Amino acid sequence: MKEEKCNITEDIFLSICRAYGRVHRPLDAVRIFHTMKDFQCKPTEKSYITVFAILVEENQLKIALRFYRHMREIGIPPSIASLNVLIKALCKNSGTMDSAFRIFREMPNRGCTPDSYTYGTLINGLCRFGKIGEAKELFKEMETKGCLPSVVTYSSLIHGLCQSNDLDEALGLLKEMISKCIEPNVFTYSAFMDGFCKGGRSSQAMQLLEMMISKRQRPNMITYSTLIDGLCKEGKLREALEILDRMKLQGLKPDAGLIYNMVVQGLCTNGDPNRAFQLYLSMRSRGISINTGTFDSLVECFCERGDLHKAACIVDEMVIDGCVPAEGTWNAVVGGFWDRRKVRESTELLQVELMSEFVEPER
């Protein structure tokens, strides 16, 4: 194209940069940016801010900050857009939050008035690092400055409140959102479900799921996995399995390393080893990864019920899969054989499984 002297505009270059950003290849976006001059296309402020934002979004923060310093060195003045991206970069780490606020407070002196995006970014950062009180104060300031909170800002604060177990205040914000005709999104609902489930209130989380669906909000993997985890911890296995079936009907593929393992461990904990074992066999036949916690739960559950043969078989499969049995698992197996005076079998099992390879001896 260069040899044929084709005219490639800045917008074409930026389209390519954004495409690389979408597939998480930020360094290729930078490479394309640097080739612009080879085609007699001089990057404008828009190009610099676009690439800067891609680097920040992909957590290439050191490169992003060097890129920003270069922008300033070549005379590109600070703008609301560039400062918002800079603040977002600084809000990624707790150690640079103070710098983000310093720039935020200096914005008016640079001729830039903070907007809703600026406030929302800072509130999200504060909530991420557990500074809920400061986030609430900034939320109030935002409204007094005439900046309207977006659904993202509301959701960030709601998530922070739910994480700090302040569900009633979070529900108050939800009502406020709806009263202002700001429709909660999937992230908003998922934040509530996480809070309800951690507080042992899975019934309310289930009600919220139905409300979410009635509002035509489509639950995602995070929504379902959060709810299944909460139901399993409360021993509501029937409801958890119903949610698992609902996921399949919706066309979502459960994260095998997360959701199936949750359900199997929940079934073991709540005294349904046969159903747990059937689900375990289904996982193996479908090539779904099984974690150490699931293996340990199954072994201990069958040992408690005296089904030592099945427990030993699971230990076999566990070791073959490269999982290291926990100390409690070995204790359960050996204890089970000992209770039935099958000392020889327990000794042979330990030898066969090469215990010395998997369990460090006490020092």
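The first residue you see is number 1, and the count goes up from there.
Glycine too: its Cβ is placed from the backbone N, Cα and C atoms.
As annotated by TrEMBL, repeat 'PPR' applies to 44-78, 79-114, 115-149, 150-184, 185-219, 220-254, 256-290, 291-325.
Residues 10, 13-14, 17-18, 20-21, 24, 26-27, 29-30, 33, 36, 85-86, 88-89, 92-93, 110, 112 of the same chain lie 6+ residues outside the repeat 'PPR' (44-78) yet bring a C-beta within less than 8 angstroms of a C-beta in it. Tertiary neighbourhood of the repeat 'PPR' (150-184): same-chain residues 116, 119-120, 123-124, 126-128, 130, 132, 135-136, 139, 142, 191-192, 194-196, 198-199, 201, 212, 215, 217, selected by CB-CB distance under 8 Å and a gap of 6+ residues from either end. In the repeat 'PPR' (79-114), helix, strand and coil residues by DSSP number 28 helix, 0 strand, 8 coil. Over the repeat 'PPR' (44-78) the predicted model carries a mean pLDDT of 93. In the repeat 'PPR' (291-325), helix, strand and coil residues by DSSP number 26 helix, 0 strand, 9 coil. DSSP states for the repeat 'PPR' (256-290), grouped as helix (H, G, I), strand (E, B) and coil, give 27 helix, 0 strand, 8 coil. For the repeat 'PPR' (220-254), DSSP puts the residue distribution at 27 helix, 0 strand, 8 coil.
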